[in-house]
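Chemist: Next up is a structure, given as structure tokens.
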């Protein structure tokens, strides 16, 4: 639909959030709240998106920097929704077609609903289509007033409504589809003669109806889609609904979630078939997980690429790591950015890694720190091993060749290189390179003083 544009209203501060962060930038499902209607408009076919910002405009614009289909308009003073759209009109100069008007704090609207609304708008040759919902308790919403044929005559804000109008349960969602030619004529005619002294976008409905132009309602199938977010309680409720959508889609696509209500997966995460995820798992960022994986409870994964057949045991934390096929991790392992584990690697409990590549079949089973290291294939890292990578000024690298056996309680004082097929004896502090096929041992000889304990009594 290249004749479809969108205006997203996101200028409000959101005082009820009681936050130093502007409302539309609060995170929801791994993204700022405002990015949800922007993405939905894009998925519905809008190729020209105008984001109207106000409070903390720079922060909002910085997030969308580089998205070529998003332009910005600034509403310096918040004088109502009609004024906000007026601020957006210069960015739509030369555009002719349909304009979707969405709210930055109504993030649950679905692509399917917008597409259906646009389709009906086009097929009935409407000038304005209003997305409406029926609420048993419509307090706080504008009411839809219709004529005898069921078309919209006007929308009345609650503060300006009569008692009879307040009893109407069909409400205005704040989402519209409007013909651009009419919008550019009607917006400059708005007046602020109302209780709020604001320029109401809804007044264009009355003008269109007075001109005999078709203004229709499009009732939303699921009223939750038009839920507005004004405080943190509503933000949490919206997050729960979004998680439900995300998790249901994953399950229908072949992923097993043991308890979807306590599984937290962000939009855009990709998970393969026959992967099982246990409760209290958090997966976010640009994460991709392969087929036939097992993720045990209380695992945190952010921005990782994970292959097939990977097991991640309880309590492990991973960020910006690359995990190849058939790797076992945890429990209670910590994989920091720059970690790459090749096929059949084992990382056990209380092992921390950072900026390492670990070759196929290698293992570090317990209580180890591996940082700034290249580790070959089939290497055994003993319990208590540490790569001493920092000298107080800069980081240094440890290189361990293939088939090396590292005993327990070994320290590698980097920079150091260990040749292939070597053995590092338990308790050794390695300060120099070790040639291939060698034994390295650096510890004080054992001394037994017989009878020493008895003399102390």
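The backbone N, Cα and C atoms fix where each Cβ goes, glycine too.
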Chemist: May I ask you to find which of 270, 336, 443 Swiss-Prot records for the acetyl-CoA site already listed with 389, 390, 408, 426?
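Modeler: Candidate in the recorded acetyl-CoA site: 443.
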Chemist: Could you state the whole-number distance in Å separating the C-alpha atoms of residue 366 (active site, proton acceptor) and residue 142 (UDP-N-acetyl-alpha-D-glucosamine binding site)?
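Modeler: So the Cα of residue 142 (UDP-N-acetyl-alpha-D-glucosamine binding site) lies 62 Å away from that of residue 366 (active site, proton acceptor).
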Chemist: Roughly how wide, in whole Å, is the group 389, 390, 408, 426, 443 that binds acetyl-CoA, by largest Cα to Cα distance?
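Modeler: Comparing all Cα pairs, the maximum is 22 Å.
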Chemist: State the count of C-beta atoms found within 10 angstroms of the C-beta of residue 11 (UDP-N-acetyl-alpha-D-glucosamine binding site), not counting that atom itself.
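Modeler: Its Cβ has 27 other Cβ atoms within 10 Å.
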Chemist: Report the mean pLDDT of the predicted model across the region 'Linker' (233-253), rounded to a whole number.
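Modeler: Mean per-residue confidence for the region 'Linker' (233-253): 97 out of 100.
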Chemist: In which DSSP state, out of helix, strand and coil, do we find residue 23 (UDP-N-acetyl-alpha-D-glucosamine binding site)?
Modeler: helix
Chemist: Measuring Cα to Cα, how far is residue 80 (UDP-N-acetyl-alpha-D-glucosamine binding site) from residue 426 (acetyl-CoA binding site) in Å?
Modeler: 73
Chemist: Provide the three-state secondary structure of residue 366 (active site, proton acceptor) computed with DSSP.
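Modeler: SS state of residue 366 (active site, proton acceptor) = strand.
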